[in-house]
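Working notes for the structure below.
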Amino acid sequence: MLKRMSVVRGAIVADADDEADGAMAEGTAAEQANGRVKAGRKILPIVEGVVLVAALLAPLVLQDYLTVFATRVVILALFALSFDLVWGYAGIMSFGQALFFGSAGYGVALLARDLDITNIFLVLPAGMLIGLTFALLLGGFLLLGRHPSSVIFVSLGTLTGSYAADRLARGWYYLGGQNGIPSIAPMSLGSYEFSEGPAFYYLVLGILVVVYLLCRFLVRSQFGLALAGLRENEQRIAFFGYKAQHLKAIIFTIGGAVAGLAGSLYAFHEGFVWPNMVGVVVSTQVVLYVLFGGSGTLIGAVIGAVIVEGVSFWLSDNYRDIWPIILGLLLLLVILFRPLGLISFVLGERERVGSFGAKVKEKRDAP
Amino acid sequence: MANAFVAAFEILSFGAIIVLIVLGLGIIASMMGIFNFAQGEFVLLGAYITYLAYAKGLPIWAGMVAAPFVVGALGFVLEALIIRRFYAAPIVAMLGTYALGLIIREAVRGLIGGFYLTVPEPIGGSIDIGAMHISAWRFTIIVITLLVMGLCYLLLSRTSFGLRVRATLENPSLARASGISTPLIYGATFAFGAALAGLAGALIVPVFSLFADLGLRFLIQGFVAVMVGGVGSFIGPVAGAGVIGTLSAALPWVMAPVVADVLVFVLAIVFIKFRPQGLIAGKGV
C-alpha cells in the first residue's frame, strides 16, 4: 500500500513539475524556483488565518442585520466546501449538490414540525445522515457499476436528480408544495434556543472550522492523495490498482453529508424551507461559489461563497437587475482566463496540489 | 373516442415541441461533444424576438421568420469568440455555456421584467374534425416540426455541406487533411443548432407565453432526451426526444402529474445507466 502511494505521489509531483519545468532549466534557476516554492508554501495557511480572523471579528464590527446575513454566508460556505470536496478533489461534477442540501433541510424541518425535535444534537446528525443517505444512493447508482460512468452522465444525472426533487417538492402537499415549510421552530440546546444573531453565527462558524479542518485532514491524507491522483488522471490511478469508482462514491457520500449538515443549519437559520432549496438554482449557485473562489483548495470555496454573496448583497440595493448579468460575465471571464479561480492570484499551482503524507526528509549528503 | 383522439393530439403536439428543441441540442452535442447549457436561452431569445416584433406592431410571422436567423447569427459569433475554446473540455464547456445562458437569461429578464407576456397565435382558431376541436396553431407546429426534421435530414444526408459535416463528425483530423475547414464547419453547425432553438422558441411562445425561465424548463428535458437517444447521430436525439416528449405528455393522463414528472426522469436516468450509448448507437445521419 505504502509503496503504491509513493508511486502515485511521484506521478502527481511529476505532473506538477511539468508546469515548473521552464523555470528549472538551469541549476541556479532550479534553486531559485525551489526557494520560491518554499516561500510559496506558506501562503495557504496565511490565507486561511486571515479568513478565520476576519470571520471571528465580523460580528463585533457588523450591525445586527449584517450578522444575520454573515451567518447565512458562513452556512453557504460550508455548503460550498462540500461541493469543492466532490469537484475540486475527486473531479466529480455534481450539478445536484442542492439535492442533499435541500433534502436535509426538508428533513429537519419535518422533524421540527411533526415530531417537535429541535435538539441540536439530534437534528444536525439527522441532517447529515439524510444528506449522506441520498448521496450514497444517488452516487452509488450514478458512479458504481460494471462500466465507469462518463463524466457527462454523472453531471447530467445529478442535475436531473436535483431538478426532479425540485418538481417533487413543489407538487407534494405533505412537503408544503410551492410554499415549502414555513416557520420552523428554532434549534434548541436544552432550554436555550438558537435564534438569529451572534450566538448562531459563532455556532455555525465553529462547525465550519471543525468541518474545514476535517476536510483538510482528509484531503492531505493518503486517501486525499489518491483523490488528487483521480482528479489529475483517473486512468492512471485505475492502472495503479485503485478502485477509482469506489473512491469517487466515498467522497461523493462525504460531500453529501457535509451538504446535509449545511442544509439543516440553513433551514433552522432561515426558519423555512422551500422547493428552490433542492433545485437547480441552488445547485448551480454552489458551482459558482467554488469556480469563483478556486476549486481544489477548500479555502477557495469559502472565499468564493463570501465574495459572491457579499458582492451580490452589496449590489442588490442599487443594481438588482443587472447584478446577475455581471455575475455571468465575471464567471465567463474566470472560466476563460482564470480556470483555477480567484485564489490562483495568490496561490501557486504547486501549493494547490499540496504535499501529502509524512514529510520526506531530504538526504542532502546522499551520493 | 373523441377524448382519446384529443389526448393523442396533445401528446403528439408536445412531442413535436420537444423534438424541435432537442434537434439543435442534439446536433451540437453530436458534432462537438459539448452539452450546450445556453440552448434553453437560445429558445428564450427566439421567443423574445417574436414578442418584440409583435410589440413593435410588425406581423407575428415576420418575427418568427427573423428569430432563427438572428439567434443563428448570435450563435455563430458566440462560437467564434467563446465556445471554440471549450471543445477539448466538456465539463468546462458546460460551465462556460451555463455562464453564457445566465447572461442571456438575466438580460432578457431585465428587458421584460418579471412578467408573463403573451403573444397571440398567428394562425388562430381551431380545426374541427367532426365533434372534435384541435388547436390550429399546435397543428401547425407539428407540421413545421416534421418539415424541419425532413429538411435537416436532407441537408445532412444529401448535400455536400452535410457530407462535410458528417466527415468532420466522423474523423476531424482526416477531414482537415482532406481540405475541409473544420473550424468553419463547427461554427456553421453551432449556428445551425442555435437557429433551430430560436425557431423553436418563436413557435412555442404563443403556446407557453414569454417569461425569463422559459428555456430552463426545456433544457433538462432536452439533455435527458439527447442522452436517451444517443449522442453522435442525427436520428438518435430525435428518437430520444420523441420518447421523452411522448412519455412526459402521456403519463400525466394515467397518474398524478407530480409522480409522472419525476418518473420520466428516473426512467430516463436508469435507462441511460444501463445503456450508455442510448437508443441508437453509432455515428452518422
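The backbone N, Cα and C atoms fix where each Cβ goes, and this holds for glycine too.
What TrEMBL records for this protein:
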- A:43-62: transmembrane segment (TRANSMEM)
- A:94-112: transmembrane segment (TRANSMEM)
- A:118-144: transmembrane segment (TRANSMEM)
- A:199-219: transmembrane segment (TRANSMEM)
- A:249-268: transmembrane segment (TRANSMEM)
- A:274-291: transmembrane segment (TRANSMEM)
- A:298-316: transmembrane segment (TRANSMEM)
- A:322-347: transmembrane segment (TRANSMEM)
Positions on the same chain near the transmembrane segment (A:118-144), where near means CB under 8 A and six or more residues out: 92, 96, 99-101, 103-105, 107-108, 111-112, 153-154, 157-158, 161, 185-189, 193-194, 207, 245-246, 248-249, 252-261, 263-265, 267-268
Most Cβ pairs under 8 Å with the transmembrane segment (A:274-291), selected from A:43-62, A:94-112, A:249-268, A:298-316: A:94-112
Contacting positions for the transmembrane segment (A:322-347) when only residues 6+ beyond its ends and CB under 8 Å are counted: 40, 43-44, 47, 288, 290-297, 299-300, 303-304, 307-308, 312, 315-316
Recorded stretch, among A:43-62, A:249-268, A:298-316, maximising Cβ pairs under 8 Å relative to the transmembrane segment (A:94-112): A:249-268
Contacting positions for the transmembrane segment (A:43-62) when only residues 6+ beyond its ends and CB under 8 Å are counted: 70, 74, 198, 201-202, 205, 208-209, 297, 299, 302-303, 306, 343, 346-348, 351
